[in-house]
């Protein structure tokens with residue numbers, strides 16, 4: 001019997017053997033559950049090393065605290081920025097194959113780092129200086145080449161996974177039904193929950209093993225975890241529905257932008273000849289073919305064409321060159337992408353604040369008393385506080401807060417994506433203020449105890465630093481899930497992986513921005529003071545509290561910038577794309 005005979009097919013989807021996907025056999029919660037389990041293992045493999053990497057670089061590779069912080073932020077920034085490449089590749093090929101390729105690349109990078117940690121001749125001798133002000137000899141030559149080769153193979157693999165896996169999971173649900181859209185929303189909440197599960201194992205068990213048994217064991221566990229994730233992902237192959245690629249999304253974006261630019265410079269007709277989608281026969285045919293049964297939406301599309309007039313020029317009747325002819329649908333898709341860019345840019349500052357959790361916050365905790373009773377807690381395990389809070393809040397949010405909000409607002413969403421993102425941005429402002437106050441207290445204790453230049457732990461518990469982790473972790477929960485779902489639901493079908501990857505690109509730009517701000521702060525303060533704020537090998541001589549206050553002010557300004565765009569944004573995807581790519585002009589609530 002033929003594979004397709006007697007079954008209802010998923011239009012636009014295939015199975016892993018490139019046969020038509022069947023309703024009831026492919027997609028749904030079972031398929032998405034494989035993705036969630038894979039994410040636990042993948043995030044464990046990544047965070048087990050990223051969360052503690054700053055200490056590995058400073059203690060075993062002899063980099064200074066500021067150099068270690070910049071290496072970590074650049075590494076993590078590159079990892080997340082490469083998610084754009086993963087998203088682009090997923091839209092052009094498929095999320096299924098891009099995940100397998102990316103996970104294999106990450107496995108190769110972790111294997112290199114494991115070998116370097118296992119073999120003493122491949123790494124720098126440990127520096128045993130007891131004076132915080134005495135610098136150690138940094139790693140160099142072949143050692144540093146192997147270190148960075150391994151790190152950036154991991155970064156390339158992580159980028160591909162982040163750009164493909166969330167979209168692959170979200171595509172398993174039927175967006176043509178309210179129930180399917182609700183399940184998809186729940187998937188994004190539980191995706192964050194699974195990120196937290198992987199992080200919990202990473203920052204507790206694996207970090208403890210790294211600190212007490214050796215880094216070779218930590219890298220080894222990460223290597224085994226990513227290999228296991230590939231096996232589990234492949235086990236779910238028979239249940240996946242895989243979106244059929246429709247070509248490169250970048251080609252459409254590039255074509256529309258070039259057409260708009262060319263038609264602006266070399267107009268063949270007046271501006272009045274921009275296509276009216278209600279009257280031009282050619283576009284009436286296009287719309288009737290692509291949006292059959294929804295002719296009443298023409299007026300709404302025409303209204304939207306008045307926005308972003310520059311891009312609208314790509315639809316002039318006589319283009320500068322025949323190959324640059326763009327359909328109304330193509331122009332609308334590009335406009336949607338352009339309209340979400342301000343929201344995307346508003347989240348970069350939040351992720352710049354999150355970068356501090358992997359750098360200065362860990363180094364702060366390393367100078368403090370890390371005992372809880374008789375248990376010594378590794379400083380890199382501090383993220384356990386926001387992780388546990390996320391694991392509690394994510395199910396509560398999904399099963400209590402959202403149903404309550406839906407009942408109150410009488411809407412399918414309950415709490416809008418932009419409201420959720422805005423909550424995260426506000427919490428980041430609070431977190432930076434708390435971080436500044438905690439650092440002031442830590443330095444005051446160091447001065448009063450006479451331990452400013454000592455390597456002995458300060459007589460203050462590291463749990464004070466956990467406060468900033470708690471607020472920033474909560475900010476991450478609200479913003480990341482909201483941002484991922486916002487990009488996925490608002491994007492055109494052909495660009496969903498690419499636009500969802502913008503969530504991770506925002507993280508990348510935040511980490512890069514953190515490095516830039518640190519460099520700028522050191523440059524400016526170094527010109528007006530004898531020592532820059534964030535310079536040297538002794539964290540006690542840093543002016544970290546001033547840096548945190550600066551971040552608080554910048555985050556506050558960024559929050560108001562976000563409100564400006566969020567209150568003006570008009571949601572598109574109240575209903576699925578195949579109902580005419582309708583544009584629902586309901587103002588959002590920030």
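Each residue, glycine too, has its Cβ placed from N, Cα and C.
Residues or ranges marked as region 'Disordered' by TrEMBL: 279-299.
Residues or ranges marked as transmembrane segment in TrEMBL: 71-90 (among others).
The transmembrane segment annotation in TrEMBL covers 96-115 (among others). Distant neighbours of the transmembrane segment (96-115): 16, 38, 42, 45-46, 49, 86, 89-90, 122, 146-147, 149-161, 163-165, 168, 216, 219-220, 222-223, 226-227, 229-230, 233-234, 237, 240, 242; these residues of the same chain sit at least 6 beyond its ends, with a Cβ under 8 Å from one of its Cβ atoms.
The annotation transmembrane segment is assigned in TrEMBL to 188-209 (among others).
Marked as transmembrane segment by TrEMBL: 215-235 (among others).
For 336-357 (among others), the entry in TrEMBL reads transmembrane segment. If you look at the transmembrane segment (336-357), the same-chain residues 6 or more away from its ends with a CB under 8 A from one of its CBs are 73, 76-77, 253, 307-308, 311, 382-383, 418, 421, 424-425, 428, 431-432, 435, 468-469, 472, 475-476, 479, 483, 486-487, 490-492, 495, 499, 502, 505-511, 513-514, 517, 548, 551, 554-555, 558, 561-562, 565-566, 569, 572.
Look at TrEMBL and you will find 377-397 (among others) tagged as transmembrane segment. Proximity of distant same-chain residues to the transmembrane segment (377-397), defined by a Cβ-Cβ separation under 8 Å and at least 6 residues beyond the stretch ends, is recorded for 47, 51-52, 54-55, 189-190, 192-193, 195-197, 199-200, 203-204, 207-208, 210-211, 357, 361-363, 365-366, 370-371, 462, 465-466, 469-470, 472-474, 476-477, 481.
TrEMBL lists 418-438 (among others) with the feature transmembrane segment.
The transmembrane segment annotation in TrEMBL covers 458-483 (among others). Below 8 angstroms of C-beta separation, residues 188-189, 191-192, 343-344, 347, 350, 353-354, 356-357, 361, 364-365, 367-372, 377, 379, 382-383, 385-387, 389-390, 393-394, 397, 417-421, 423-428, 430-432, 434-435, 438, 441-442, 445-446, 449, 451, 502-503, 506 of the same chain, each at least six residues beyond the ends of the transmembrane segment (458-483), sit close to that stretch.
Counting only same-chain residues 6+ beyond the ends of the transmembrane segment (504-526), those with a CB under 8 A from a CB of the stretch are 66, 69-70, 73-74, 76-84, 159, 162-163, 344, 347-356, 359, 483, 532-535, 543, 547, 550-551. If you look up TrEMBL, you'll see 504-526 (among others) marked as transmembrane segment.
According to TrEMBL, the feature transmembrane segment maps to 546-565 (among others).
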